[in-house]
Amino acid sequence: MIIAIDGPAASGKGTLAKRLAAHYGLPHLDTGLLYRAVARTLTDHGDPLDDGAAAVRAAQSLDLGHLDETRLRGRAMGEAASVVAAIPAVRAALVAWQRSFANRPEGAVLDGRDIGTVICPDASVKIFVTASAEERARRRHRELVSRGETVAYEDVLADIRRRDARDSGRAAAPLAAAADARLLDTTDLDIEQAFQAAVAHVDAARRETA
Ligand code: DC
């Protein structure tokens with residue numbers, strides 16, 4: 001079973017994907033980390049984020065199985081990842097690895113922006129997770145503060161809006177719900193309620209295909 005979870009920044013899709021993976025005993029891939037790692041490599045080498053050739057080299061040489069999550073999670077890397085993710089050749093360099101992760105015999109849970117539309121269009125279950133920009137900014141602000149970053153809520157909200165516009169407006173694999181994705185708006189749901197709604201959807205989809 002492949003479960004594809006897509007949605008905008010800080011929608012709760014990562015937490016949901018992790019919990020679904022644990023619940024169904026499946027491996028989980030947070031595909032945002034791949035783009036964050038490309039951005040990190042460019043930053044470490046002092047290369048500009050719009051240097052397409054350097055970004056593709058970085059994508060091709062990533063040690064994809066061993067990404068250091070804590071180094072990649074900060075606010076600056078989210079923004080930088082969104083910039084490199086708009087380069088079509090960077091996306092192309094990461095497709096095969098994501099598909100091979102998804103197509104292992106036991107299945108997998110992948111979360112990102114284009115999993116249901118481009119990476120795994122035949123996924124058994126697709127969920128598009130949304131929440132209002134204000135609620136996503138509140139969550140991301142709480143998370144960043146708990147990680148020790150000093151940042152104002154208004155700045156986080158502006159980041160979220162900028163990232164939404166870039167991720168949805170780019171030509172290559174823009175953020176979009178697949179036509180057959182179930183929409184899950186978590187604005188007024190806590191993590192447990194969102195998880196229960198997702199499990200109900202996955203179980204219903206499994207019964208349909210059984
Ligand atoms: O999910 P995240 O916030 O860690 O992702 C960081 C950026 O990477 C996001 O703004 C857009 C990009 N991304 C993407 O374009 N496609 C994916 N499948 C995952 C992330």
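Glycine residues also receive a Cβ, built from the backbone N, Cα and C atoms like all the rest.
In TrEMBL this protein carries:
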| type | residues | note |
| --- | --- | --- |
| DOMAIN | 3-201 | domain 'Cytidylate kinase' |
| BINDING | Gly7, Pro8, Ala9, Ala10, Ser11, Gly12, Lys13, Gly14, Thr15 | ATP binding site |
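Feature annotations (TrEMBL) mapped to structure.
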residue	record	Cβ within 10 Å
Gly7	ATP binding site	28
Ala9	ATP binding site	26
Ser11	ATP binding site	28
Lys13	ATP binding site	28
Thr15	ATP binding site	17
Q: For ligand 1, pick out the binding-site residues Gly7, Ala9, Lys13 that have a CB under 6 angstroms away from one of its atoms.
A: Ala9
